[in-house]
C-alpha cells in the first residue's frame, strides 16, 4: 500500500507534465480548429455591420458560378433603344472548317450590342449543324438558305469566277430586309456584309453610318492592306489598290457598311449576278446606292486596320481514307 507521501510525490511530478502537454496541444491545434469552425459555420453571422450579407456567403464554387453567369449568360449585351441595329450578313457553305469559323465569328459578335446576325447558307435547306450552332450562341439571328444553281459552277467545288461565292446569299439577305421592314421605316440600322472566315475588331462595330461608311481591309489584292484614299478635308477621293484602281468602288466586301434606310429606299440595289467582271461585285451594289462623294471614311480616316481578310488553311484529311477512319457522326 503506497504511502500518502509517495502519492503526493507522484501527483506533483505528473501534474506539471499534464499541464504542459495540455497547453502545447491547444497552441498547436487552435488555428486548425478555428479554420474548420469557420468553414462549417454560417458566415452571415460575422457579416460586418451595413454590408450586404450576400457578399459574405459565397464559396469558391459560388463565385465561379456567378462569374460564369455574369460573363456568359448575359451575352449578348442588353438591347439598347438608343443604338441602331447592326444587321451582319454572313454567307456560309458546308466544309470541314465551317463550324470552327462560325464559332470564332460568333464569339466576336457576342460582344456587340444590338446585333442581328443574318446567316444565309448556300444549300437546298438549312443544315442541322448551322441551326444548332446559331441556337446555342444566344445571339439574335435569322437563318436563311438558297443554293447557288449548278450552272453557275464548274467541275467539282470550283465555281465560275464571274459568279463570286456568296452573291445569291447576300442578295437573299437584302430581299429579307426589304420584306421585313417597310420602305419608309424609321428603324435605325446598319447593314454589314461579313464573311465567316475573317477576324473583326470590336471597334469596327462602333462605327455608325449615315449613308455608306468605308475603311481599310488587310491582306487583300496582294497587298498588306487596301484602303480608300482620303484627302485633307476628310473626303474619299480614290483607292489605294493595285488591282484595277479605276473601279467605281475599288473596295473589298468587308470594307464598307450601309445605312439600313438606304437599302430599303433603293429597292433596285442588288449584287449583280451576270455581266460583272471579277472584283466588281461591290461596285455593282454601291453604285446603285451612293456616289464617291457620299462615302464616310471611318477607322481614323482610313488609317487603322479593323478587319483582316484571312483564309483558314484547308485541313489535310488523307488518313481518313475512303471509308473514313473517325466516326462521321461526330460533328466537327
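Even glycines carry a Cβ here, placed using N, Cα and C.
Quantities reported herein were computed from a predicted structural model and do not represent experimental measurements.
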Expected hit for region 'Interaction with galactose moiety of substrate glycoprotein' in Swiss-Prot across 233-242, 243-252, 253-262, 263-272 is 243-252
Checking Swiss-Prot, the member of 122, 294, 327 that binds UDP-alpha-D-glucuronate with 91, 92, 93, 165, 170, 195, 196, 197, 309, 310, 311 is 122
Out of 7-27, 28-48, which range is noted as transmembrane segment by Swiss-Prot? 7-27
Can you tell me which of the recorded positions 140, 184, 282, 301 is spatially closest to residue 103 (phosphothreonine)? Compare CA atoms only. 140
Please name the residue among the recorded positions 103, 108, 140 whose C-beta has the most neighbouring C-beta atoms within 10 angstroms. 108
Candidates 184, 301 (glycosylation sites); min other-Cβ count within 10 Å returns 184
Could you measure between residue 301 (N-linked glycosylation site) and residue 140 (N-linked glycosylation site) for me? Cα positions, answer in whole angstrom. 31
For the region 'Interaction with galactose moiety of substrate glycoprotein' (243-252), jot down how many residues DSSP puts in helix, in strand and in coil. 0 helix, 0 strand, 10 coil
Cβ contacts within 10 Å for residue 282 (active site, proton donor/acceptor), all chains included, total 22
